[in-house]
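Feature annotations, courtesy of Swiss-Prot:
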ACT_SITE  Cys68  active site
ACT_SITE  Glu119  active site
BINDING   His24, His30, His70, Glu117, Glu119  Mn(2+) binding site
BINDING   Glu88  Mg(2+) binding site
DOMAIN    28-168  domain 'Nudix hydrolase'
Amino acid sequence: MTEYVVLVNEQGDAIGTMEKLEAHEKGLLHLAFSVLLYRETDLGKEFLLQKRAECKYHSKNKWSNTCCSHPRVNENVEAAGTRRLNEEIGITGVLPEQFVNLGWFIYQAELENGLSEHEQDYILIANTPDVSFILNPEEVSDIQWWSEADIEKELKANPDTFSVWFPTVYKKVLTHLHQAN
């Protein structure tokens with residue numbers, strides 16, 4: 001099945017669609033979302049990170065947020081987040097209305113294989129203490145709960161361990177969670 005992305009302008013208005021790989025080859029601005037699930041523990045917050053599968057066409061074997069993708073045409077980002085949590089890691093218990101939408105940011109990055117990310121990326125978070133998962137090996141090779149301290153340590157020591165968008169997503173999530181407390 002051919003996948004399409006929604007092309008947007010700098011203000012976030014939809015201006016068309018394009019096949020996903022072509023949009024990444026041309027570096028055109030398109031709609032995306034990043035989901036980051038977290039839980040409260042006695043030692044503080046933990047974040048559920050996925051390691052992208054070896055077979056992904058970019059950012060393979062990189063740690064990233066819980067899931068990320070592109071909404072389909074006429075699909076809101078919260079519904080898309082719920083859909084992709086199920087498709088990538090088998091999580092079915094998070095409903096669209098459980099997400100807190102932190103808004104969007106635009107980033108552009110050249111990737112390791114000549115492709116380019118240029119995304120208007122919505123950040124969705126949810127507090128999910130009890131989730132179980134079944135990994136889709138075409139999407140994810142590992143999934144782990146990470147503490148804030150472990151993420152900070154790894155970001156400082158080995159930033160290339162993570163996808164190019166993850167540090168921005170993580171920083172915006174932390175800012176929101178620290179302001180909310």
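Even glycines carry a Cβ here, placed using N, Cα and C.
In space, His30 is the closest of the binding-site residues His24, His30, His70, Glu88 to Glu119 (active site), judged by Cα positions. The binding-site residues near Cys68 (active site), taking a 10 angstroms Cα-Cα threshold over the set His24, His30, Glu88, Glu117, are Glu88. Other residues of the same chain near the Mn(2+) site, with their Cβ within 8 Å of the Cβ centroid of His24, His30, His70, Glu117, Glu119, are Val5, Lys20, Ala23, Leu29, Leu31, Ala32, His118. Rounded to a whole number, the distance between the Cα atoms of the residue listed as 'Mg(2+) binding site' and His30 (Mn(2+) binding site) is 21 Å. Glu117 (Mn(2+) binding site) sits 20 Å from Glu88 (Mg(2+) binding site), taking the Cα positions as reference. Residue pair His24 (Mn(2+) binding site) / the residue listed as 'Mg(2+) binding site' shows a Cα separation of 20 Å. DSSP places the residues of the domain 'Nudix hydrolase' (28-168) in helix, strand and coil in these numbers: 32 helix, 58 strand, 51 coil. Listed in sequence order, Gln50, Cys67, Ser69, Leu135, Asn136, Glu139, Val140 are the same-chain residues six or more apart from the residue listed as 'Mg(2+) binding site' with CB atoms under 8 A from its CB.
Classification of His24 (Mn(2+) binding site) by DSSP places it within a helix. Around His70 (Mn(2+) binding site), the same-chain residues at least 6 positions away in sequence with a Cβ under 8 Å from its Cβ are Glu3, Val5, Val6, Lys20, His30, Leu31, Ala32, Phe33, Ala80.
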